[in-house]
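According to Swiss-Prot, the protein has these features:
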type	residues	note
ACT_SITE	670	active site
COMPBIAS	197-212	compositional bias 'Low complexity'
COMPBIAS	360-374	compositional bias 'Pro residues'
COMPBIAS	482-503	compositional bias 'Low complexity'
MOD_RES	109	phosphoserine
MOD_RES	155	phosphoserine
MOD_RES	181	phosphoserine
MOD_RES	283	phosphoserine
MOD_RES	286	phosphothreonine
MOD_RES	358	phosphoserine
MOD_RES	364	phosphoserine
MOD_RES	405	phosphoserine
MOD_RES	486	phosphoserine
MOD_RES	487	phosphoserine
MOD_RES	507	phosphoserine
MOD_RES	595	phosphoserine
REGION	1-268	region 'Transcription repression 1'
REGION	49-149	region 'Interaction with MEF2A'
REGION	130-224	region 'Disordered'
REGION	218-546	region 'Transcription repression 2'
REGION	261-283	region 'Disordered'
REGION	349-377	region 'Disordered'
REGION	389-441	region 'Disordered'
REGION	460-510	region 'Disordered'
REGION	512-865	region 'Histone deacetylase'
REGION	877-952	region 'Interaction with SIN3A'
MOTIF	917-952	motif 'Nuclear export signal'
SITE	843	site 'Contributes to catalysis'
C-alpha cells in the first residue's frame, strides 16, 4: 500500500544575522551569475533566428553522437553520462540552487512542492531532438500530461494497484476484520522492530510497506524521517487516535516533589510537537503510535487485526513484548494465548497444535484401565513423589514469574477467567512434572501418570499442594474449557478417571460447592502484574508490579500462605463498576481494544474522542503525571482488582471465610465517580461495599482508611450514606498534601452527616507522625466511634505508605509494621472479626512487605510481635494532640463517646511537668490522653486487653 502524500517540506527558520552577513558576498556572486545566464538565454533565440544554418551544423554532431549512443553494443556501454544528460542535470541543479537561494532571501514566501510536475524551461530543444530517436511511450489515464523530469528508480509500488489481479479486488471481506463502523483506534508499533535485522524481526508477519518514500531512508525508514511521518499522519486525522495527548495535567500529582532518577536527564526522550491531534514519535526505544490507516492491507495469512509484531529485545530492561493493534505491548508469554485456534478458526487457517504447550489427548469413552504390569511403576512413582515432598523446604523462597492468564481472552466483563497464578505454578512444579524426574520407562506412559497425579492430588493436604483448587469437571453441562492452552475438546462423559487436562482451576466465585475452611482468605492474581508503563523502567514509577509480587513472595517465605485459603480473583463486570462510577468512566477505563469490539460503536466513538492522556517524561502515556496507562492491560488489571476485593468481601460477609487480605493493584481509593487519579482507576473498596449493600449482605459497613493519603473517592461515594461509616487517618497539612481533601469539618451531608470522620494530621513532618500518634487516634477516636456504630463488616483500605521508609512526598511518617498489626487486631474486635483488608498505597518494598506480613499474621490470630516500649510510653506530639482535639470537638454533636470526651477535657491529658509555659497551657487546655474513661464504654471481656500501661 502506497502511503506517500504530497507534502511540502518544512520551512526552514531564518538564519541568524551573523550568517546573513557572511552570506552576502556569496549571494551577490549568485545574483550576477544568474543575471548573466538569463541574458545569455535571451540572446540565444535571436542568434538562432538570424543564422539558420548554425543550428543544423550544431545539431549534426549532437545527432550523430546520440545515434551512436542509442546503437552502441551492450558490451561497450558504460556508466559515463552523455553531454545531454550532463547538461540536463546541470540545469536541474542550478534551478534547485536558485530556489533555495530565494527561500533564504524570502523566508516567508510559500514553499515549492516536493516534486515539480511541469516541464523545465530549457527542455524544449532537448525534447525536440530526442523525439526523433526515442520511441513514443503509451500514456495511462492516471499519468500526468508531462512525464516527470527525474523519475525515481524505486517506483514499483506506485504501479502495484494497476497490475493487481481483478480476482483479488473482488474478493469478499474477511469477517474477522474490523468493522468499518467501529471507532478508530491505534496500533503501537515498537521502533526496535522497524530497524532490526535479526531473523525474529525479518520474519514478522506485518512487514510494513515498501514505498519509495520509505525505502529511501535506509534500513530504518520510519525512525529516519520522524518529522515527515508526523506530517503525513497529521493529514489523516480521521484515522489517528481518538484522543489528544497534552503534556501538562491539571490534576494534583501524588509524586510531586520526588527526586528524578539519576539517569533521567541523560536518557530523556524528546518528542516533536505535532499539534493537538498529532501522534507521538519517540526515540528508537519508544513505541510509535500508528493509526489504522498505516496498517497493512488485509488479505495476508492473518487479518490485520490479529497480526502480531514480535519483539525480542535482549538489551531492554523489560520482558520481550508482543504488539498487537492497540496502544500497549504484551508480554511475550501472552503471545501463545492470544493466537488461539478458536480465534483463528474463522480465517480459514489450520495451525498445527504444538505439543509443547498442550496436554495429552483425553482417552475415549471405552478406554481400558491401566494394565496390571503398570502397578509396580505406579508404586515407584508414588514413592518418588513422597520423597520430593519431604525434601521440599517450606522456608525456601519460590521463584516468582508471570504465568500467562486466559483472562485476557475474555473481552466482556463478569465471568471469572481461567487465570493461573503463582500458587498454581507451585502445584504444577510439585505434581505436574514428576515424570520428567522419575525413571525413564515412566515417560512412555503419560496418560497413566496423569491418572496417578490426580489421585495423589486428592490425598495431599491442603496447605502443601498449592494455593488454588483443582477439581475435575462434572459430567453434564459444564462450562467449556478455554482453548488458550488446552487440547481439543473431549467427550462429555468418560468412564475412565479424568486426566489432568480435564481439570480446570476454579476461581473463588466458582467454588461454593466446596466447603472452605473457616480461616483467613488471600487473593492474588498475575493479571494485575501486566499493568505496567511502556517504558519498562519501574524506578520511574512508584506504583509498579513489584509491589504485590514482593508481598506475595514474603507471605510464602514466612509460611503464611500455607495457613490461609488462597483464592482466585475475578474481573468485575461493567455493571458492578457502574454502581460507583459513571458509565462514561467505566467505558473509558474499563475496556480495551479487544473488548470494545463487542460494545456499541456509536457510543464508544463519542466517548473515546473525549479521552485525554498526557505524555510522561519516561516516554509512556498516562492519565496524569502519576497514573500510567497501558491500553491493553490497565483496564483488565483495574477490573480484576475491583472484582477480587468484591469477591473476598462477599465470602467474609457470608461467613465462608473468617477474614481476608486482598493483594491487589492498582489501588482505588482516589478514584471518584468520574475521575481516575493517584494511581487509581476504579475504587475497589467502594465497589465491594456498594455490592454488599445492593445484595443485602451487610446493613452497616465500616470503612477504615489508614493510607497516608486521604481517600477522596471513597469519601465522595458515601458522603450522604448513613449506612456506611468512613474513618480516615491521613496527612492533611491544612490541604497542602495530596489530594488536598479530608479536612476535619468534612463530616458528611444530608442523612449521612456525621458518618464521615477525618483524622487529619497537621504540622507537616516537624515532627513526623509515628506509632504513638496512630495508637492514640485508634484508642481515642476510631475504636469508640466504631463500637458505637456497631458494623456488620469492616473494610480496610490498607495503604502502607505511612510506614517508615517512604520519602516526604509519598508520606514521610514513621509508623512501624507492628503498629499496623496491632490496629488490625483492634479492628477484629468489631463485626465478629469479619474484616477485609485491601492493599492501597505503599511504595517502599521492605516496608509494605513487613506491614503486610504483620497484618496477615494478625488476621490468622498468630502472636504478633509486641510494640516497643517507646511506642507505648511516648506521648503524642503537640500537632497530633491538636488534630485529635479538633476531631473530638467537631464530632461531639454526632457521637456520644466524643461528647463525653469533649465535656471533660481535663480528664484525658495529664499535666506535663517541666514543660515551657506555652506547651503547659496547650496541654492543660487539650486535657489528657488517658484511656481510663474509655474503659467504661467497653464490654467486660475486653477490659483485660485494655489494661496495658498507657502513660501517654
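Quick reminder: no glycine exception, Cβ is built from N, Cα and C everywhere.
Within the group of recorded positions (670, 843), the Cβ with the highest number of other Cβ atoms inside 10 Å belongs to 670. Take the CB of residue 595 (phosphoserine) and look out to 10 A: across all protein chains shown you find 19 other CB atoms. Between the C-alpha atoms of residue 595 (phosphoserine) and the residue listed as 'active site', the distance comes to 25 Å. DSSP assigns residue 843 (site 'Contributes to catalysis') to coil in the three-state reduction, placing it in neither a helix nor a strand.
Between the C-alpha atoms of residue 843 (site 'Contributes to catalysis') and residue 670 (active site), the distance comes to 16 Å. Mapped onto three states, the DSSP output places residue 670 (active site) in coil. Note on the motif 'Nuclear export signal' (917-952): mean pLDDT across this stretch is 42.
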